[in-house]
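K.L.:
One structure follows; several queries about it will come next.
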Amino acid sequence: MQIRQSVKLKKPLIHYITNPISINDCANIILAAGAKPIMAEHPLEVSEITSVSKSLGVNLGNITDNKMKSMLISGKTAYENKIPQVIDLVGVGCSKLRLDYAKKFILECHPNVIKGNMSEIKAIYGIKSSAKGIDVGACDIITEQNFDENIEMIKRLSMETGSVVAATGVVDIISNGTYTYIISNGCEMLSMITGTGCMLTGIIASYISSGNILEGTALAIVLMGICGELSQHVKGTGSFRNELIDNIFSISDDIIIKKIRINSY
C-alpha cells in the first residue's frame, strides 16, 4: 500500500494519450487515485509534456494518424528519459493497423507495461485470437483448461519484450517473466460500461510512476477489481460509473487488504 500512499502524497503528473470516448473518465480516475492527469496529444507538444511527467500511458482506442505520431514521440521521449510507461493494446486483436503499430511501439519505445485482454495479448504474441471487436473473444477467455498455457505465454512475452505483461479479464494475470500474480477481484459490471479498461490504464500509469513496475501494476488491477465489487449494488450502469470513481477515491487500505484476492504462481 506504500505505492498508493506515495502517489496521494506526491501527486505525480501523469501524461495519458487516450481516446475521446473515455478521456474524461480517465482524467477523473487518475485524480481519484491521487495523481494529476495531463491528456496532451498534439505532436508538436507531447515530447515536452512527457519529459516533465512522472509516467506515460498510451491507449490505442479510436486511433488516428496524429495520435499514432504523438504516442511514438512520447514513447521515445519516455524511454530516453527513463520515465515509466504503459501501452494499452486496445483493439489489436481486430485491427491490423493497431497490431502493426503496437509492435512498432513496443520495439522502439520499450514500454514498462504491456496491458490488454487475452485476445489482445495473444495477437501481440503472434497467436491467432478470436477477438470480438475490442472485447475478448469467447475462445480466448482464461479457463481451468487453458490456464497454464496462457500463463506460460504471458511469461514468454514478458521475457521477450522486457516488459511487465498484464492480461486482464475475469482472472487477471500479471508477470515480469520471473514473478507472476493471479488476481481474482472484479465484477461483471466492469465490462458493461465503456472505458473501464482505459481507466485502469490510467491508474497503472499513476502507480508505476514510483518506478515499482510489477507491484504498481498489480496494485492498480487489484484496486479496480475491488472498487468494482464495492460499486455493483446500484440501480444501473450510470450509477455504477460514478460509484466506481467515488470508491477509487475513498477506499481505505484496510478494505483493500480485507478484500484482495491475489496469488503468486
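Each residue, glycine too, has its Cβ placed from N, Cα and C.
OK, Swiss-Prot features for this one:
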BINDING   Met39, Gly195  substrate binding site
BINDING   Lys115, Thr168  ATP binding site
K.L.:
In DSSP terms, helix, strand or coil for Thr168 (ATP binding site)?
P.N.:
strand
K.L.:
Take the Cβ of Met39 (substrate binding site) and count every other Cβ within 10 Å, whichever protein chain it belongs to.
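P.N.:
So the Cβ neighbour count for Met39 (substrate binding site) comes to 18.
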K.L.:
Compute the C-alpha separation of Gly195 (substrate binding site) from Thr168 (ATP binding site), stating it in Å without decimals.
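P.N.:
Between the alpha carbons of Gly195 (substrate binding site) and Thr168 (ATP binding site) there are 14 Å.
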